[in-house]
Amino acid sequence: MNVIEGGVAAPNAKIAIVISRFNSFINESLLSGAIDTLKRFGQVSEENITVVRCPGAVELPLVAQRVAKTAKYDAIVSLGSVIRGGTPHFEYVCSECNKGLAQVSLEYSIPVAFGVLTVDTIDQAIERAGTKAGNKGAEAALSALEMINVLSQIES
């Protein structure tokens, strides 16, 4: 029986990080966690990491699609945060962001790691951006690295 599993070291990988500016006080912590993880665990050099900023979570799929279309990158890490308010807007934003990023991954056959927080409160966002609940940006970066290696093994 063959088992394919991916490690996280990918020293030659080119990674794009697409990040929303809205809620930047949270997202910058996610970005720091992602970059640190790519460099320390993935052994990805800084010159192989590109950060692309966009206004909000709704714009992440289009930016990720344009990045994927260039075929310059081995994976995309998407980062952002959507905090529930008093209207249905939260559900629409989260749903469209999630579906759009998944569509990019399938359309371009590239890992698109989901590091977009979808939380009820600012406190939950803070917890997931590097305090009590870890750093979801770092987790998304690990997922991207592992997927690069899994797909590489499948194709070889």
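Cβ from N, Cα, C; glycine included.
As annotated by Swiss-Prot, active site, proton donor applies to HIS89. Here the Cβ of HIS89 (active site, proton donor) has 12 other Cβ atoms within 10 Å, regardless of which shown protein chain they belong to.
The Cβ neighbour count for PHE114 (5-amino-6-(D-ribitylamino)uracil binding site), using a 10 Å radius and every protein chain shown, is 21. Classification of PHE114 (5-amino-6-(D-ribitylamino)uracil binding site) by DSSP places it within a strand. If you look up Swiss-Prot, you'll see PHE22, ALA57, VAL58, GLU59, SER81, VAL82, ILE83, PHE114 marked as 5-amino-6-(D-ribitylamino)uracil binding site, on the strength of sequence analysis.
THR87 ((2S)-2-hydroxy-3-oxobutyl phosphate binding site) falls outside any helix or strand according to DSSP and counts as coil. Taking a C-beta cut-off of under 8 Å and a sequence gap of six or more, THR87 ((2S)-2-hydroxy-3-oxobutyl phosphate binding site) has no contacts in its own chain. Taken from Swiss-Prot, the feature (2S)-2-hydroxy-3-oxobutyl phosphate binding site covers GLY86, THR87, ARG128.
Look at ARG128 ((2S)-2-hydroxy-3-oxobutyl phosphate binding site): DSSP puts it in a helix. Between the alpha carbons (Cα) of GLU59 (5-amino-6-(D-ribitylamino)uracil binding site) and GLY86 ((2S)-2-hydroxy-3-oxobutyl phosphate binding site) lies a span of roughly 22 Å.
Rounded to the nearest whole angstrom, the C-alpha distance between VAL82 (5-amino-6-(D-ribitylamino)uracil binding site) and HIS89 (active site, proton donor) is 10. The binding-site residues near GLY86 ((2S)-2-hydroxy-3-oxobutyl phosphate binding site), taking a 10 angstroms Cα-Cα threshold over the set PHE22, ALA57, VAL58, PHE114, amount to none.
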